[in-house]
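Visitor: Pulled these features from Swiss-Prot for this protein:
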- Lys22, Asn23: phosphoenolpyruvate binding site (BINDING)
- Arg93, Arg122, Pro123, Val124, Asp125, Leu126, Asp308, Val330: UDP-N-acetyl-alpha-D-glucosamine binding site (BINDING)
- Cys117: active site, proton donor (ACT_SITE)
- Cys117: 2-(S-cysteinyl)pyruvic acid O-phosphothioketal (MOD_RES)
Amino acid sequence: MDKLIITGGHRLDGEIRISGAKNAALPILAATLLADTPVTVCNLPHLHDITTMIELFGRMGVQPVIDEKLSVEMDASSIKTLVAPYELVKTMRASILVLGPMLARFGEAEVALPGGCAIGSRPVDLHIRGLEALGAQIEMDGGYIKARAPAGGLRGGHFFFDIVSVTGTENIMMAAALASGRTVLENAAREPEVVDLANFLIGMGAQIKGAGTDTVVIEGVKRLGGGRYSVMPDRIETGTYLVAAVATRGRVKLKDTDPTILEAVLLKLEEAGAQIDTGNNWISLDMKGNRPKAVNVRTAPYPAFPTDMQAQFISMNAVAEGTGTVIETVFENRFMHVYEMNRMGARILVEGNTAIVTGVPCLKGAPVMATDLRASASLVIAGLVAEGDTLIDRIYHIDRGYECIEEKLQLLGAKIRRIPG
C-alpha cells in the first residue's frame, strides 16, 4: 500500500492547474446513459473513482473510447446488461447515480448498495423515494436495489427532499429528464456540480429550469442526443491548495479554476490574513510570509461553507494565531483526522459536532493514517507545516479525490514523495 512522506517547513510558492471536478464528472458520466447517440466528456480528472465508473460501464457493455487527455466518448446504445455489480459498486458510492438514468432510458435497473467513504449514515432512501414519486417500483433484494419503470415509462411527479441531497437531486433530475410530463423537485441541492450536470443535460436536449436554486423543474423529453461537454473545475481541490498555501505562509496561483463557486472559502481565507486576487479562471493568494489567524467556520449545504473543506481548515487553524471553532452540521463522524493531528502536537478538542482548535507555533512530524478522503488532505497540510518528516499511510483515500497530489505540491516547492507499497 502506497505511502506519502513529507518533509515540512517549506512555503508553497508557484502555479498549478486545477483538475476537473470528480463530483461533477461522476454524475455527468452516469448521465451519458440517457443519450441515444455518442457523447464525449472532457476535462475528466485522473482519479480512481473515474476509472471505476468507466470500468463499470465497460462491464455493462458500454465501450468507452478514451484519449490520452482522459476525454471519454460513451455510446450507451451498446449496453448489454442493466446490472451494476457489487464488486465495482462497493468501492464507490457515486455508482448509485446510474440508477436513475438506466431506469429512465431502459425501464429497469439493478444496482448494488454502494460503498465509498465511511462518513456517518448516507442513506439511499431519498433516491428510492424520489424515483418512486416518478412511478418506479423498487425493492431491495440481496444487497441490490432492483427498480422497474411502469408500462409507458417514468412519469413526472412532485418530490420534496426532507434532507438536502446532492446525489439524490442529481439522480432524480436525470431520471425526470426522460419521464413523461413535468417533475418538480423541492429543497433540491444547489451545489455547482448539480448546475454542471443540468447544463450537460440541457446540452443534450433536456428541459430543466431552476438548477442552482432549491426548486428545480424538469419537463420530460422523448430523447436526449449526444454532444461534447467539458467538466467544471474542482472547487474542493482549489480550496485545498489555497489552504495549504495559507498554512505554509506561501504564495500560489491556481489556473483553470472558477472563483465564483468558492466564495465562502475565499472569504474565510481573507479573514485568516490572505491577500487574494481573482480572474475569470484563476485565483492568486499571498500570505506575505505571515502566520494565519484562526477562523471560525460552520459547514452547511451550498452556498454556505462546504463540509468537504472543514478538515483542511482544522489543519490551518492548528498552526494559526488564536483559537478557532469548526462546527460540522452536514455529516457525523467527520473529525476522525483530529486524533492523528493531535499526535503531531496539535491542540484540538472535539465536543459533539464541534472542533475547538487552539493554534500552536508548529506541529511535529509523525507517522499518521488517513481515514477518509478530506481527512487525508488535512494530514498532508499538517505534514507540510510540521517540523521533520510525516509519513501518511492508507493514501488510497487521497487518490480517490486528488489528481497527482504529490506532483502538484512538488511544483509548488513542497518536499513530498510517494513510497510505493
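Backbone N, Cα and C define each Cβ position, glycine as well.
Since we're looking at a predicted model, the values are computed, not measured.
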Visitor: Under DSSP, is Val124 (UDP-N-acetyl-alpha-D-glucosamine binding site) part of a helix or a strand, or is it coil?
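Guide: For Val124 (UDP-N-acetyl-alpha-D-glucosamine binding site) - judged by DSSP and reduced to three states - the answer is coil.
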Visitor: Cα of Asp125 (UDP-N-acetyl-alpha-D-glucosamine binding site) to Cα of Lys22 (phosphoenolpyruvate binding site): how many Å, rounded?
Guide: 23
Visitor: For Val330 (UDP-N-acetyl-alpha-D-glucosamine binding site), which DSSP three-state class applies?
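Guide: Note: Val330 (UDP-N-acetyl-alpha-D-glucosamine binding site) is coil by DSSP, not helix or strand.
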Visitor: How many whole Å apart are the CA atoms of Lys22 (phosphoenolpyruvate binding site) and Pro123 (UDP-N-acetyl-alpha-D-glucosamine binding site)?
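Guide: Between the Cα atoms of Lys22 (phosphoenolpyruvate binding site) and Pro123 (UDP-N-acetyl-alpha-D-glucosamine binding site), the distance comes to 20 Å.
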Visitor: Within 10 Å of the Cβ of Leu126 (UDP-N-acetyl-alpha-D-glucosamine binding site), how many other Cβ atoms are there?
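Guide: Cβ-Cβ neighbours of Leu126 (UDP-N-acetyl-alpha-D-glucosamine binding site) within 10 Å number 19.
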